[in-house]
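Engineer: Below is a structure I'd like to ask you about.
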Amino acid sequence: MALNKNHSEGGGVIVNNTESILMSYDHVELTFNDMKNVPEAFKGTKKGTVYLTPYRVIFLSKGKDAMQSFMMPFYLMKDCEIKQPVFGANFIKGIVKAEAGGGWEGSASYKLTFTAGGAIEFGQRMLQVASQASRGEVPNGAYGYPYMPSGAYVFPPPVANGMYPCPPGYPYPPPPPEFYPGPPMMDGAMGYVQPPPPPYPGPMEPPVSGPSAPATPAAEAKAAEAAASAYYNPGNPHNVYMPTSQPPPPPYYPPEDKKTQ
């Protein structure tokens, strides 16, 4: 969290050279509480614009306030909540910790009140982007605003490896690399690689059979009887189990006439 290091002399917002503005809202009020030694810049209510980038929240004050800009990186924020009171405007609150060389020390409770609306939209997007940043993902639309019409400006997109070096003269060091690691390597070590499918056996060859004999009514009846007694397994539809062939019945001899016996 840095104090007065993200604004230009012309009143624009300065973001890192690999970041861009994902979302912004005007008519926002910023207040601080729970500080042991309150610096002059943290006293009172600050009015201005809040900006969301892929890795931090930046508040830009209007007028000649002692706090011209205030930056909160996600990895130093905790206990963030979106509140919808019955009376009054919706707001976002949480706790932020100072970073080394940020212009102040300790921690503080902050409250961002959206007097003209937008707290829910901004808060939900902030939580989503913070979660993506913690996993090393690039948020959707991270490079959507190359220039802000209000005079604010952003720097070019990030380099190929996803990490962002500071531009010349940037007033504070980048966060430790463990907070925003690059995208994970997609190799076998991930544990989610599916095994290759089994080899395709190819089309089934027709069975080899001898020369077909002319069909007769007796042969067709016997084949129909064998098919009726076959067993079909739905789990193995390519095989049909046939009963073992039985010997033919003995020939039929009509009984002799008793008169001839």
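Backbone N, Cα and C define each Cβ position, glycine as well.
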Engineer: Looking at 33-37, 133-137, 248-252, which one is motif 'PPxY motif 2' according to Swiss-Prot?
Structural biologist: 248-252
Engineer: Have a look at 181-185, 196-200, 236-240 and point to the one annotated motif 'PPxY motif 1' in Swiss-Prot.
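Structural biologist: Motif 'PPxY motif 1', as annotated by Swiss-Prot, spans 196-200.
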Engineer: Report the DSSP secondary-structure composition of the domain 'GRAM' (1-84) as helix, strand and coil residue counts.
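Structural biologist: Within the domain 'GRAM' (1-84) the tally stands at 6 helix, 41 strand, 37 coil.
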Engineer: Using DSSP, how many residues in the motif 'PPxY motif 2' (248-252) fall into helix, strand and coil?
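Structural biologist: Secondary-structure composition of the motif 'PPxY motif 2' (248-252): 0 helix, 0 strand, 5 coil.
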